[in-house]
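For reference, the structure discussed in these notes is given below.
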Amino acid sequence: MDRYAVIGNPIGHSKSPLIHRLFAEQTGEQLTYEALLAPLDDFAGCLRAFLLEGRGVNVTVPFKEQAWVLVDQHSKAAHRAGAVNTIMRLEDGTLLGDNTDGKGLVRDIQANAGFPLAGLKVLLLGAGGAARGVIQPLLDAGPKHLCVVNRTVSKAEELAALFVDQGPISASGFDWIEESVDLIINATSASLGGEVPDISPKLIRPGHTLCYDMMYASEATPFNRWAAEHGAARCMDGLGMLVEQAAEAFLLWRGVRPDTAPVLAALRG
Ligand code: NDP
């Protein structure tokens with residue numbers, strides 16, 4: 001049996017073992033997938049020990065940036081993201097690092113929600129690791145414009161500057177823009193504290209704008225409640241992104257992409 005794992009701290013809440021078990025059952029792939037709690041001061045040791053036998057790992061909070069440093073090769077997405085969420089051990093022992101978060105987000109919006117990004121005006125709220133991880137795939141999808149909007153404006157400016165050669169991107173503070181957009185993605189951690197980023201409701205064009213919160217919960221997130229109150233055409237949470245990024249990792253490791261719809265339905269159930 002080929003072994004895989006997700007490594008993080010904390011890790012008890014992780015849905016990844018269930019997701020990959022369902023993928024393996026569906027595709028008939030022979031593998032095991034476990035959750036590993038790495039000590040905060042020894043992610044590298046935990047990773048190396050597992051990969052003596054293991055074929056690959058997913059990496060989650062707070063180790064994605066450390067994983068970037070530890071792998072031997074980076075995919076373009078990982079290179080641009082400055083973070084690695086998927087590692088594959090090649091036959092010669094080389095560690096390949098990828099970042100599938102952004103591909104998962106784009107797939108959830110385009111394929112699952114049927115909302116093509118080409119030509120759209122998009123706002124990305126937040127300038128932390130989650131925001132950085134999704135910018136390259138968002139730009140690759142061909143939006144008319146992508147604006148990184150953050151409470152601390154300097155961080156948005158620094159982040160946008162990393163991608164200026166990749167597509168139409170700019171930076172802004174929360175109170176700088178009031179014109180409505182097609183898509184708002186919340187990549188802040190505000191929802192975790194029950195808060196909503198302090199942006200104008202005028203950014204939502206009632207009945208038109210799609211609002212996407214990268215956080216997921218059993219109930220509507222604070223951002224999605226706010227968006228619905230202001231007339232968003234549709235509100236999505238990040239569970240689809242989680243399943244889609246897992247499917248991208250499974251594809252990298254096993255060469256087969258599972259059907260995500262039944263897995264997402266099982267998780268929602
Ligand atoms: P970071 O800590 O790196 O960044 C946090 C960001 O949120 C910063 O831009 C910060 O702004 C902003 N922020 C925090 N609190 C507030 C607030 N009250 N109002 C406005 N802005 C705020 O976090 P991450 O980027 O790692 O994670 C962000 C979110 O993305 C989390 O909720 C995480 O769960 C989610 N996520 C979901 C994934 C999925 O698969 N669905 C994958 C990865 C992440 P400032 O710079 O001003 O402090």
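Just so you know, glycine gets a Cβ as well, placed from its N, Cα and C.
If you look up TrEMBL, you'll see Lys64 marked as active site, proton acceptor. Per TrEMBL, shikimate binding site is recorded for Ser14, Lys15, Ser16, Thr60, Asn85, Asp101, Tyr216, Gln245. Annotated NADP(+) binding site per TrEMBL: Gly126, Ala127, Gly128, Gly129, Ala130, Asn150, Arg151, Thr152, Val153, Ser154, Lys155, Met214, Gly238, in sequence order. Per TrEMBL, the feature domain 'Shikimate dehydrogenase substrate binding N-terminal' maps to 6-87. For 117-191, the entry in TrEMBL reads domain 'Quinate/shikimate 5-dehydrogenase/glutamyl-tRNA reductase'. Marked as domain 'SDH C-terminal' by TrEMBL: 238-268.
Shown here: features listed in TrEMBL, placed on the structure.
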{"residue": "Ser14", "record": "shikimate binding site", "DSSP (3 states)": "coil"}
{"residue": "Thr60", "record": "shikimate binding site", "DSSP (3 states)": "coil"}
{"residue": "Asn85", "record": "shikimate binding site", "DSSP (3 states)": "coil"}
{"residue": "Gly128", "record": "NADP(+) binding site", "DSSP (3 states)": "coil"}
{"residue": "Arg151", "record": "NADP(+) binding site", "DSSP (3 states)": "coil"}
{"residue": "Tyr216", "record": "shikimate binding site", "DSSP (3 states)": "coil"}
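Secondary structure at Gly238 (NADP(+) binding site), as computed by DSSP, is coil. In the vicinity of ligand 1, defined as a Cβ distance under 6 Å, the following of the binding-site residues Thr60, Asp101, Gly126, Arg151, Lys155, Gly238 are placed: Asp101, Gly126, Arg151, Lys155, Gly238. Touching of the domain 'Quinate/shikimate 5-dehydrogenase/glutamyl-tRNA reductase' (117-191) and the domain 'SDH C-terminal' (238-268) is ruled out by the presence of fewer than three CB pairs under 8 A, sequence neighbours closer than 6 excluded. For Lys15 (shikimate binding site), the nearest neighbour among the listed recorded positions (Lys64, Gly128, Val153, Gly238), judged by C-alpha distance, is Gly238.
Gln245 (shikimate binding site) has Gly238 as its nearest neighbour among the recorded positions Lys64, Gly128, Arg151, Gly238, going by CA to CA distance. Our reading of the NADP(+) binding annotation (Gly126, Ala127, Gly128, Gly129, Ala130, Asn150, Arg151, Thr152, Val153, Ser154, Lys155, Met214, Gly238) yields a largest Cα to Cα distance of 26 angstrom. Here the domain 'Quinate/shikimate 5-dehydrogenase/glutamyl-tRNA reductase' (117-191) returns a mean pLDDT of 96 for the predicted model. Checking the binding-site residues (Ser14, Ser16, Thr60, Asp101, Tyr216) against Ala130 (NADP(+) binding site) with a 10 Å Cα-Cα cut-off leaves Asp101.
Counting other CB atoms no more than 10 Å from each candidate's CB, the binding-site residues Gly128, Gly238 peak at Gly238.
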